[in-house]
Amino acid sequence: MSVSALSSTRFTGSISGFLQVASVLGLLLLLVKAVQFYLQRQWLLKAFQQFPSPPFHWFFGHKQFQGDKELQQIMTCVENFPSAFPRWFWGSKAYLIVYDPDYMKVILGRSDPKANGVYRLLAPWIGYGLLLLNGQPWFQHRRMLTPAFHYDILKPYVKNMADSIRLMLDKWEQLAGQDSSIEIFQHISLMTLDTVMKCAFSHNGSVQVDGNYKSYIQAIGNLNDLFHSRVRNIFHQNDTIYNFSSNGHLFNRACQLAHDHTDGVIKLRKDQLQNAGELEKVKKKRRLDFLDILLLARMENGDSLSDKDLRAEVDTFMFEGHDTTASGVSWIFYALATHPEHQQRCREEVQSVLGDGSSITWDHLDQIPYTTMCIKEALRLYPPVPGIVRELSTSVTFPDGRSLPKGIQVTLSIYGLHHNPKVWPNPEVFDPSRFAPDSPRHSHSFLPFSGGARNCIGKQFAMSEMKVIVALTLLRFELLPDPTKVPIPLPRLVLKSKNGIYLYLKKLH
């Protein structure tokens, strides 16, 4: 036999041997994964044995919850299963969906961490800021940032809010004469971003005029959808597989757009603080705004807040501070448009307090109680954040005696709670009197800003902004629904509409 033939035979044998070993290893890995799948599934089945649920596939879980009907399916379960039910995403992944105020009170009164399996998927986008942090790091960041939302800080923000809102309303004046309805969410999103930039990030100028910011708004919308898709895809839980997928490429590109925006905001303010006069002026303030707190905390102690931590907090508040408020306001406007009698009563109340609206102050916001009731009722029907997830750090027993072991992930369905007929009679009816001062309700029946120690740090900022937006808008426009474009709510990180939120604008003067 020739040397070349012998070498070829050895090479072929080596390849064959390698393939055999690879096949054996592959089968072993598959077997290990199958055993892990089985054991995890059995553990979950045992953990949830006290909680009935709709029928589900052994591998695909509750497939009927996918798509546009997800909220409708959840509401069917709210009516049929008391307090909570397990939702299976696939054979070895399930959450207990909770929509009972007593259950909510128990979970929110504990110190369970955010569910890592879900929220870690957000880390490439918003980093580990207040939303994702747990334990002592979360406590330290929360304590550091709480002063940014003190009443003394928020009061002068009303002027900034009003300036941003009037700019949007001026744009709407040009559109009001058209025969077609307009999609309001994009306009409102730019306006709330403008407000956050002015109030929390010391930004001069207007986001609504600069067309460059539209790409950031679009990126945030894409990230919402991509995150939602990834949570529901078993294969995309693996970072490597996801990063090589088309959705992974889109997600990373959108993250880069969002990061470019926040990096620019941080750099601009850091450059301004290099000016000794500006720095001294800021340090003399009795209370600092959000970004200055972050920057000065780092400047006074270089180890206290890293660049990574700094950007995580900016990314988190930039998203939460504008997108959730934009969602809330858009749905509030839709609710008022579809209930003109309540819209008119709000308008009359605002007119009695503000006149023509040329001036609005913090003190005015407590003088529009009926408008506030309507805002809260709209937030009940359309909660900006439809759900949050916790992972049990210890076992828990609920008031009805049912229990869960450590490690189970619990989804607090704010949407389900707010539409639960056992909590809110006739839950689909828009009834602002539910929030009258003398109207009794459970302490955990209304949670648009979550509850407990980890409630939304900016809830007072958001409520104040929504009051200013609604008041000034109703003085200039009548809001009318477009019956040909009824919005379809979708449960993303923030409650969105599949087909936008379209309204007709009728100029009043």
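Each residue, glycine too, has its Cβ placed from N, Cα and C.
These numbers come from a predicted model, not from an experiment.
Of the candidate ranges 79-99, 121-141, Swiss-Prot annotates residues 121-141 with the feature transmembrane segment.
Non-local neighbours of the transmembrane segment (121-141) in the same chain are 113-114, 223, 227, 230-231, 251-252, 254-255, 258, 308-309, 311-317, 319-320, 454, 457, 493; each lies 6+ residues outside the stretch with a CB under 8 Å from one of its CB atoms. There are 11 other CB atoms within 10 A of the CB of Ser439 (phosphoserine), with all protein chains counted. Between the CA atoms of Glu320 (heme binding site) and Ser439 (phosphoserine) there is a gap of 30 Å. Counting only same-chain residues six or more apart in sequence, the Cβ atoms lying under 8 angstroms from the Cβ of Cys456 (heme binding site) belong to Glu320, Phe449, Ser450, Ala462. DSSP assigns Ser439 (phosphoserine) to coil in the three-state reduction, placing it in neither a helix nor a strand.
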